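Below: one structure, written as structure tokens.
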Amino acid sequence: MQAKTFLLGAALAGVALAAHAEDGTIVITGTITDQTCTIEDPSPGYIKVVHLPTISKSALKNAGDVAGRTRFDIKLKDCPTTVNTLKLYFEPGPTTDYGTKDLKAYKQAWYVDAATLLKSPPSVTEAKGVQIRLMNLNGKQIPMGETEPNQHAAAFSGTMQAGQAKKSFTLHYLAGYVKKASGEVEATMLTTYVGFSVVYP
């Protein structure tokens, strides 16, 4: 910030400056495909609500303990027959804890008004001692904040839709409570969220 302020001041004073040296270059690549699917039975805004069971805080005694594992499914239909497998990429966002690779949990109850709930989670108080973890069905953590290849989210095969030259897919994952490394788990209602994108081969 100081360097930028200095350069601006020098330009206003009419001092000629040489172009600044670069330390490196970041090359960003990507691919957009026209092979798309439709999410089955979405709620407004494609919001999927996962209700974790009510558990005792004694189930989360030690750092890394996971409890209340709950499966959730994302169903896709009308996919091209050329698509063999699909998986999800969980997008980084305000709820991402880049240290633990889990989702921050907030002391706020879920309610029907999703637009209000998702407006600004950090404006509410973060829960102590506990976060929410996303996992594959084998229980292995899907690390939040990582690149898509490094999340290692499981991919699933599709099935042909009856009477149509299209496929359907059901993607299965787990969510659960996880004990943080520090702080006692407090008894409270919790809410978090994460955006996702479907990854096409």
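Every residue, even glycine, has its Cβ placed from backbone N, Cα and C.
Annotation source Swiss-Prot lists disulfide bond at C37-C79. Per Swiss-Prot, signal peptide is recorded for 1-21.
Other Cβ atoms within 10 Å of the Cβ of C79 (disulfide bond), summed over all protein chains shown, number 21.
Listed in sequence order, L76, K77, D78, C79, V83, L86, F169, V198 are the same-chain residues at least 6 apart in sequence whose CB falls under 8 Å from the CB of C37 (disulfide bond).
DSSP classifies C79 (disulfide bond) as strand under the three-state reduction.
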